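Asker: Below you'll find the structure I mean.
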Amino acid sequence: MRNLMMAILLVAFVGWLLNWVLLPTKVYRDSWRPSLSSTNFNSAYFEGQGTNLLLFSFPVMFMAGLGCVYLHFHTNKLEKKEKAFSSSSSKRTGKGKFFSFLRRPRVISPLGIVTGVELAFLTMFVALLVWSLANYLHRSFGHSHKLKHGIKPWQVKFRIVALMLGYVGNICWAFLFFPVARGSSLLPLIGLNSESSIKYHIWLGHISNTLFTLHGIGYIVYWAMTNKLSEMLEWSRTWVSNVAGEIALVMALAMWATSFAPIRRRMFEVFYYAHHLYVLFIFFYVLHVGVDFMCTVLPGIFLFLIDRYLRFLQSQRKARLVSARLLPCGSVELNFSKCQGLQYSPTSIMFINVPTISKLQWHPFTVISNSNLEPDELSLVVKCLGSWSQKLSQQISTSADHRLEVSVEGPYGPVSSHFLRHEALVLISGGSGITPFISIIREIIFQSSSNPNSQIPSQILLICAFKNSADLAMLDLLLPAGGTPHPIPDLNLQIEAYITREIEPPAAARIRTKRFNPTRSDLPIASNLGPNPWLWLGAIVVSSFSIFVVLLAVLTRLYIYPIDRNARDGSFHYSFFVLFDVFLACTSVLTVSSAVFILRKKQRGSGGEGGRVKSLEMEMEVVSPSPPRPAGSFVGGEVESVPARQVAEATKVHYGRRPDLEGILLGCQASEVGVMACGPRSLRHEVARICSSGPAQNLHFESISFNW
């Protein structure tokens, strides 16, 4: 059944791509579209937009709905498969080696680290853009002889080029929102998640903004050449609105200008708030392109709207913050209560909002806890670098009422723990980049503790580079604050910590632990849709889109179509078509999502998943000094426990130098070595270059980056 569903999904995807390939051709314009648009059903119930709904919207929504069903069964089977794998000694097959070869880094550039698969798809996408532009121009230049009075042939062709650049930009927009729909089923179907796919959103944003800018400037130049600048202020009743397009372009330029790395990293708040202009941009964009082109880009926006509204509903619940640990390096570990049914994979992230700091700002942070090792608690680490995180640390330190209101979204992460399949594992981090590896090590600890015969990497090497010795406190987080229930059997873990700006160990360090007193309104973090979330998400996707189509057909048949057929002063206002579509889409999503969310909330309440707030005695701040950190000791941990002693024996600290990454990686003798890097761009690029070199055939690279 799963293979059948995947085959159907593949056919639907290929068919959808073929529609994009055929869209700019004469075959589509002269044969397909006229035959589909001429039917009475299409004209009476959809006013011509039914063709694009059928060819471009329906396939993606079908894939999203069926994909949820597939992921439901795939996730359940994957859990059983990983358990079976953990007890076996299976090796990677030839097929697995082939896909590993495709995932090797091929291009390392300012655009990021591009694998062989990504390079192939990027090449095909650029080919689609070139193909579309060439066909649009070839098709339109054939009609350029139909000149208006006073307009020269080259001016007509100039206008055609400007118009077609906008058409091609719409193709980018059809894909733009898929990477940022964090809970959508489309990315997991191809083994991706939103965090690892954010670079695709960035690439598509750069391409589309370039095309739309050329499109807008081209039209302004054309109007200036033909003395028709007054058309910039035109809002046509029967065609697209020029004013709406100009407003949309201004919004796009504001988002684009503030999204470049120098501004985004130094002035994150400017980037963050400017990017919220996307709401206005979408509104004026669809008013400009009209209902026909809106239907071609509708699926991405529709799925993003579902995901965004579900995240909004989750954020309305206040999370139960239990305690916080303030580390000497300035980082803060936040520990939340969670429902035992909430499962997530290592390297997941969670977005948090603290209203007392900012009601609008949401920031992503790495989840370091393990859902199996710590069934009742979820922990994440905040590195205090910017103004928001520094205010958070200050509030935690100075809070007198032991109360902090926090809202969360997530967690979001990969579907499976694929790193367990490697024979050896090398984790390379810089600074706070160690946080995703904490969750990986905890997962390996759980696997080795729960099943002594589990198949985990035979060698685990953690290489962490820090600027100052105070950052060594991050190693205290390798084990949960409450410790592990059992010793760690046969865990071949080696930790090499490098302090680059100091040449001797510090005298001492202190870790402060602060506990909070939650109220009855604070709830444990739970899955947004409860048990079987993929099935419920599929129900929301299918139901909301079906309701949208039905309402659109009814409204068109009973209201719009009679006006168009009987009107004497012209047809129905063109912009009103778009407004009705937007209103019906939002109404469908909000109604269905709210109904499902409330239903699942009531079921969680009756099932006791939310639970009563456990009575917590108000505790004053607990300050626990950490012992001195000599080289080779477990830094800042309580070495009395057996697991902590094992980690202490595996830790070695090097002062005043950087790790020799090339020598370490090329010296790995295992036949299959998983190499994961997280940290500054320069570090990740250096590791990628080493892993893509000729001698490194046994190295399988993966970059973890949360740079927005």
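Each Cβ is built from the backbone N, Cα and C atoms, and glycine gets one as well.
TrEMBL does not curate its annotations; it predicts them automatically.
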Asker: From the ranges 202-223, 488-509, 664-685, pick the one that TrEMBL records as transmembrane segment.
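Answerer: Feature transmembrane segment in TrEMBL: residues 202-223.
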Asker: Which residues, given as numbers and ranges, are at least 6 beyond the ends of the transmembrane segment (572-599) yet have a Cβ under 8 Å from it?
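Answerer: Answer is 47, 49, 235-241, 244, 283, 286-287, 290-291, 294, 298, 301-302, 305-306, 309-310, 313, 528-529, 536, 539-540, 543-545, 547-548, 551-552, 555, 560, 563-564.
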Asker: Any residues 6+ beyond the ends of the transmembrane segment (160-181) with a Cβ under 8 Å from its own?
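Answerer: 20, 24, 56, 125, 128-129, 132-133, 136-137, 140-141, 144, 187, 194, 197-198, 200-201, 204-205, 207-208, 211-212, 214-215, 217-219, 221-222, 285, 289, 293, 296-297, 299-301, 303-304, 306-308.
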Asker: Can you tell me which of 53-73, 107-134, 243-263, 534-560 gets the most C-beta pairs within less than 8 Å of the transmembrane segment (202-223)?
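Answerer: Looking only at 53-73, 107-134, 243-263, 534-560, the most contacts with the transmembrane segment (202-223) come from 243-263.
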Asker: Can you work out which residues elsewhere in the same chain, 6+ from the ends of the transmembrane segment (534-560), have a Cβ less than 8 Å from its Cβ atoms?
Answerer: 44-47, 53, 57, 61, 64-69, 71-72, 75, 183, 185, 302-303, 306, 310, 572, 577, 580-581, 584-585, 587-589, 591-593, 596, 600
Asker: Restricting to the domain 'FAD-binding FR-type' (314-418), what is the model's mean pLDDT?
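Answerer: Overall, the domain 'FAD-binding FR-type' (314-418) comes to a mean pLDDT of 87.
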